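**Q** So that we are looking at the same thing, I have put the structure below in structure tokens.
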Amino acid sequence: MAMFEQMRANVGKLLKGIDRYNPENLATLERYVETQAKENAYDLEANLAVLKLYQFNPAFFQTTVTAQILLKALTNLPHTDFTLCKCMIDQAHQEERPIRQILYLGDLLETCHFQAFWQALDENMDLLEGITGFEDSVRKFICHVVGITYQHIDRWLLAEMLGDLTDNQLKVWMSKYGWSADESGQVFICSQEESIKPKNIVEKIDFDSVSSIMASSQ
């Protein structure tokens with residue numbers, strides 16, 4: 001994380017003003033993307049600037065860097081970063097490997113086909129080379145979805161959704177989110193009733209408004 005913090009300040013200066021779109025800064029920004037991947041850090045603004053520079057300078061397009069940007073965007077689900085990044089990549093490059101595979105993985109995650117996601121990822125593990133913390137970041141997103149969707153879930157299903165975790169690995173994630181399991185194999189997620197917070201709506205009506213209504217009704 002030390003290298004990331006050092007580069008962050010420098011990159012922040014590069015992204016100010018018109019210099020943001022100077023192609024001479026691409027090498028620095030691309031190294032910054034690689035540092036994010038290695039140190040499990042993230043800077044969406046800088047990554048979008050890289051993709052914008054690729055749009056303006058197609059000859060400088062780097063497939064590997066773009067793939068890293070997309071994978072980092074996936075680690076920030078449920079935020080819309082992945083969609084933002086995808087929209088800045090032209091159709092021809094979207095058809096290239098490994099970008100095509102990453103877009104497919106993103107589609108599986110966004111549509112909550114979690115078991116299919118892990119299966120597809122297992123067949124393309126080379127995509128994660130140089131990417132630190134990707135799988136656990138995805139598991140955080142899946143736990144977020146489970147937390148707002150389920151009250152109870154089968155233990156075996158939860159393990160599958162999180163990537164075929166072992167029993168001990170599953171216990172770690174359950175403990176992290178305060179989930180408990182009973183003897184029947186059911187995991188208690190939360191009571192939806194406890195999650196519902198009523199809103200008190202108060203409308204302030206001044207005297208002039210009331211008097212005008214009363215006058216019009218007479």
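Backbone N, Cα and C atoms are what each Cβ position is placed from, and that goes for glycine too.
Straight from Swiss-Prot, here's the annotation block:
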- 42-204: domain 'PCI' (DOMAIN)
- ALA2: N-acetylalanine (MOD_RES)
- THR28: phosphothreonine (MOD_RES)
- SER217: phosphoserine (MOD_RES)
**Q** Between THR28 (phosphothreonine) and ALA2 (N-acetylalanine), what C-alpha distance do you get in Å?
**A** 16
**Q** Can you tell me how many other Cβ atoms are located within 10 Å of the Cβ belonging to the residue listed as 'phosphothreonine'?
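**A** I count 13 other Cβ atoms within 10 Å of it.
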**Q** Let me check the 10 A CB neighbour count of the residue listed as 'N-acetylalanine'. How many other CB atoms are there?
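**A** Summing over all protein chains shown, the residue listed as 'N-acetylalanine' has 8 other Cβ atoms within 10 Å.
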